[in-house]
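A short write-up of the structure that comes next.
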Amino acid sequence: MNKEERAKRQSKIRNFSIIAHIDHGKSTLADRILEKTNALTQREMKAQLLDSMDLERERGITIKLNAIQLNYKAKDGEEYILHLIDTPGHVDFTYEVSRSLAACEGAILVVDAAQGIEAQTLANVYLALDNNLEILPVINKIDLPSADPERVRQEVEDVIGLDASEAVLASAKAGIGIEEILEQIVEKVPAPTGDSEEPLQCMIFDSLYDPYRGVIAYIRVVNGTVKVGDKVRMMATGKEFEVTEVGVFTPKTTQRDELTVGDVGFLAASIKNVGDTRVGDTITHAKRPAAEPLAGYRKLNPMVFCGLYPIDSARYNDLRDALEKLELNDSALEFEPETSQALGFGFRCGFLGLLHMEILQERIEREFKIDLITTAPSVIYKVFLTNGEDMIVDNPSNMPDPQTIDRVEEPFVKAAIMVPNDYVGAVMEICQGKRGTFIDMQYLDETRVTLTYEIPLSEIVYDFFDQLKSNTKGYASFDYELIGYKPSKLVKMDILLNSEQVDALSFIVHRDSAYDRGKVIVEKLKELIPRQQFEVPIQATIGNKVVARSTIKAMRKNVLAKCYGGDISRKRKLLDKQKEGKKRMKSVGSVEVPQEAFMAVLKMDDN
């Protein structure tokens with residue numbers, strides 16, 4: 001293409017994404033837009049087409065972002081090129097959202113006509129506003145009997161401050177209002193700015209590993225043009241590669257000769273090493289590089305840590321490969337090797353939240369067929385010692401001796417919880433039970449309230465979300481952001497079996513709830529550990545102090561079975577002999593903790 005053709009094409013490009021709270025109908029709307037623009041034949045169409053991972057379809061949530069190119073003939077008779085970038089809605093995956101928004105100029109904000117605005121809707125809108133996107137509100141599910149589009153329209157104006165007078169009333173399921181949405185995209189979303197003659201700048205917003213083609217980078221071209229055969233350089237790592245193919249997704253990968261300004265597509269350059277393409281990096285030409293890289297995304301810091309161990313220790317290397325490949329398109333995952341006496345070799349991994357951790361575990365078990373054991377999730381604590389030093393602890397087994405600790409600080413989050421009036425009491429109770437501090441309460445309208453609390457992250461990590469959902473019949477929605485560290489009375493609790501510490505069961509807990517938590521764990525282990533030939537004490541300790549104890553009784557053979565009547569001293573002798581043997585066994589015996597016992601303790605509720 002020459003310069004004029006490129007400029008004409010650029011003026012017809014519209015890059016947009018769809019943002020919404022979980023379950024407000026985002027993936028269904030994406031399906032309808034694909035149908036309307038004839039991206040697929042009827043035969044290829046299936047529900048939630050862009051959710052390509054099995055896990056996404058099973059759970060009905062979007063985890064990874066997806067990009068797709070559509071051609072649309074608008075009412076003004078012109079052909080437009082639309083790039084739809086699908087995003088997840090769950091709080092753990094906001095970084096996926098911020099990545100896809102950085103590649104767009106506009107966003108469709110989908111709000112459920114029955115439920116109205118939820119916490120995640122707000123969080124994603126603010127991300128979109130930070131990226132200066134044009135936001136088009138769409139009120140979805142208007143065919144529901146409980147829909148109240150006018151109330152929701154008012155809510156969008158009051159709560160978010162967007163003009164919703166032209167908001168499209170739609171039903172993605174019934175296919176109502178889809179054309180209107182497409183027309184608004186064409187009219188209101190600006191065409192990409194940028195110059196195809198400038199030095200090349202492409203933003204990598206995702207990447208995949210293909211065993212035949214190496215690493216495939218998903219890119220958005222901001223300036224310049226990239227063709228097959230070009231030598232390109234990654235600006236963060238300085239590595240250079242020759243481009244082997246470029247193309248776009250029309251859901252299927254379709255090869256092209258070149259990608260130019262505003263295009264969203266993929267680039268392969270037989271990149272073998274996973275570490276050479278960082279998400280958020282800028283690609284430029286090796287011969288005529290751009291002066292500076294694009295503003296990437298900030299590196300996300302993991303909030304939750306846990307140990308992952310292969311059940312079969314021979315698969316340790318497979319687990320490392322699996323983590324490396326997943327890290328490639330999951331930039332928020334971090335991991336480093338660690339060992340445990342109870343579980344052998346494994347990795348300490350950092351995640352954004354519990355859902356992220358669960359999804360990752362499942363992906364490893366499914367995609368790489370590795371069975372895993374996970375240790376209890378923990379957060380990063382700051383420990384200040386009496387000698388004036390301080391250290392960072394993300395693993396309970398690294399906690400120093402209680403005598404040397406001056407104070408411990410833990411991360412706190414500011415949680416905004418949106419909830420119907422009827423459940424305010426229940427939510428406040430949960431937050432107080434989780435050591436939350438009440439900050440603020442605001443009424444959104446007559447029926448809904450936003451509660452703001454400061455809560456320790458370690459309490460949220462555990463089962464906060466489940467409790468919130470189950471106590472509000474699923475109506476509460478919640479979003480949180482880190483606000484920093486504050487001192488807390490925290491202690492490390494160890495579990496001893498037969499007076500030997502089991503490192504994988506140690507955890508850090510608040511002093512006030514230590515006794516209850518210890519008691520529950522000890523009882524749980526008593527049920528799950530099989531009886532031995534000798535009696536096994538299970539103790540929960542803080543430092544040298546035992547706070548809870550329970551005993552697994554020994555199995556014993558009836559040694560008196562062969563005595564009929566007769567003298568007590570004969571029986572005594574046999575019983576003493578048995579006792580002696582049990583004592584000897586106890587001093588040398590070790591207790592195996594079965595897999596189920598680990599799992600049960602880690603999944604344990606506080607209640």
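Even glycines carry a Cβ here, placed using N, Cα and C.
The following features are taken from Swiss-Prot:
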type	residues	note
DOMAIN	11-193	domain 'tr-type G'
BINDING	Asp23, His24, Gly25, Lys26, Ser27, Thr28, Asn140, Lys141, Ile142, Asp143	GTP binding site
Rank the binding-site residues Ser27, Asn140 by the number of other Cβ atoms within 10 Å of each Cβ, and give the residue at the low end.
-> Ser27
Looking only at the domain 'tr-type G' (11-193), report the model's average pLDDT.
-> 72
DSSP says Ile142 (GTP binding site), in three-state terms, is coil
10 Å Cβ neighbour count around Ile142 (GTP binding site)?
-> 19
